[in-house]
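For reference, TrEMBL has these:
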- 19-317: domain 'ABC transmembrane type-1' (DOMAIN)
- 349-585: domain 'ABC transporter' (DOMAIN)
- 12-33: transmembrane segment (TRANSMEM)
- 70-91: transmembrane segment (TRANSMEM)
- 144-164: transmembrane segment (TRANSMEM)
- 170-190: transmembrane segment (TRANSMEM)
- 252-276: transmembrane segment (TRANSMEM)
- 288-311: transmembrane segment (TRANSMEM)
Ligand SMILES: Nc1ncnc2c1ncn2[C@@H]1O[C@H](COP(=O)(O)OP(=O)(O)OP(=O)(O)O)[C@@H](O)[C@H]1O
């Protein structure tokens with residue numbers, strides 16, 4: 001129950017609604033219990049010849065009313081008790097189940113918001129599937145505890161207390177004898193629920209294995225056919241269905257045993273009520289109506305007791321799920337913005353002897369790197385693949401922190417400035433473009449929190465040289481992307497991603513190899529537009545392609561995480577070093 005304590009804050013939030021729900025539970029059970037009591041009174045009055053029956057303050061005088069009228073009265077009262085009970089059950093569900101849905105909503109939002117603040121390390125450690133599972137599956141297990149779990153528990157306590165009180169009023173010994181089978185039934189149901197859960201889980205696993213085989217086979221059907229492996233694939237499928245069938249058969253067997261066992265135990269309680277009640281009636285300790293009421297009480301206690309085992313397994317599952325949720329909720333972001341002062345980026349960036357090694361890596365990705373970028377300067381990083389170019393941008397955005405050295409922004413240490421404001425003034429176009437299944441316009445608008453006019457969206461698309469492509473679609477900027485819409489080419493996606501960064505009106509623009517899929521002519525147009533952008537103070541370009549960066553005022557050449565050359569295009573060509581070699585090679589490739 002330790003991990004479920006986390007939910008106490010939510011119980012406190014909805015305390016009044018929960019309290020009201022509890023009152024409804026008590027009220028519904030009060031009227032439910034009155035039904036057998038009323039029946040007992042009626043039967044005993046008729047048998048004893050007492051013509052005055054009283055129930056909840058109402059008198060039915062059998063003498064003045066004829067039999068038909070009296071029966072009608074009795075029927076109406078009995079029915080009214082059932083209806084009133086039903087109304088309270090309705091309100092009970094409307095309060096307690098609603099609270100469970102409110103908490104489910106709050107909890108999902110809390111987890112989702114927490115996911116947003118967690119950093120790069122967290123996402124590296126945990127798979128997307130796991131993240132999704134905890135916010136969906138685990139929260140729904142917790143919801144089962146919050147809703148049905150709590151409601152049936154309160155109901156059980158209220159009903160048990162009221163019923164036993166009424167039963168003891170009739171006969172204490174008979175109560176004790178009749179109740180003996182019920183805890184046995186609860187224990188059995190608990191054990192069976194546990195077994196059912198375990199086997200269901202195994203069946204679910206087999207089923208997902210089966211789905212994977214089907215999905216893989218049909219997505220790779222060409223390969224299967226080309227290599228003539230149809231019969232092997234078929235055998236694999238049959239083997240997997242056999243296993244799945246085996247689990248299902250087990251489940252059917254357990255379920256088949258379950259129902260008759262419960263019926264037996266209920267039957268035993270009923271027989272005890274009638275047999276022992278009958279014996280007691282000879283000595284006058286229990287009336288005939290009392291026996292009828294007992295049979296009714298036993299029946300009313302059956303479901304709550306039967307559900308006790310089920311409830312225990314719900315609580316256990318919720319406990320395990322909440323523990324998994326808490327594990328993520330207690331996770332702290334490794335980088336926290338502690339400075340909330342104003343910050344306006346003026347354009348100076350400095351790396352001083354920066355060294356950074358990724359967790360689990362043997363070698364540093366960046367080694368003792370120093371450089372300075374002055375306000376208004378456009379700088380490029382070039383180097384072979386895995387030379388550490390993208391890592392520099394991650395360090396600059398403080399997504400990761402160096403183990404040695406210092407990063408200064410406008411002469412202040414990066415970890416002392418307001419990171420949120422610095423990031424707000426930066427536009428980054430990542431190497432891997434991600435577009436949402438939404439309209440193109442909304443994908444561009446995603447870049448900013450501010451509301452921007454259509455004209456601004458068109459303008460940045462023009463700057464990224466993608467407006468004419470977008471307008472060629474029937475729905476223009478309202479064209480849907482992704483599963484429900486069209487797919488853009490690699491180069492178009494990159495340009496939409498640039499438009500998304502530009503809509504932020506960034507002072508610092510970071511382009512991480514984001515022009516790799518566009519031809520050199522288009523690239524030149526985009527770079528020319530970016531140069532004309534008045535908002536941008538500095539542009540940092542990371543690229544393999546010399547054509548993307550030769551106009552940069554400063555080019556830094558990296559090799560294996562180290563700076564090997566620095567200078568303008570001309571200076572580096574004249575130096576006849578690594579850069580010059582790359583340039584010659586790329587020129588040769590272009591001419592082929
Ligand atoms: N998340 C990570 N965890 C561990 N190592 C990483 C991680 N990201 C990058 N690296 C390693 O750091 C080194 C530098 O990677 P980086 O992505 O900065 O190179 P790059 O120059 O941008 O490469 P490319 O041009 O191929 O994009 C590589 O050896 C890479 O394997």
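For all residues, glycine too, the Cβ spot is worked out from N, Cα and C.
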Find the member of 12-33, 144-164, 170-190, 252-276 that has more C-beta pairs under 8 Å to the transmembrane segment (70-91) than any other listed stretch.
12-33
Which stretch from 144-164, 170-190, 288-311 shares the most C-beta pairs under 8 Å with the transmembrane segment (252-276)?
170-190
Reported mean pLDDT - the domain 'ABC transporter' (349-585)
87
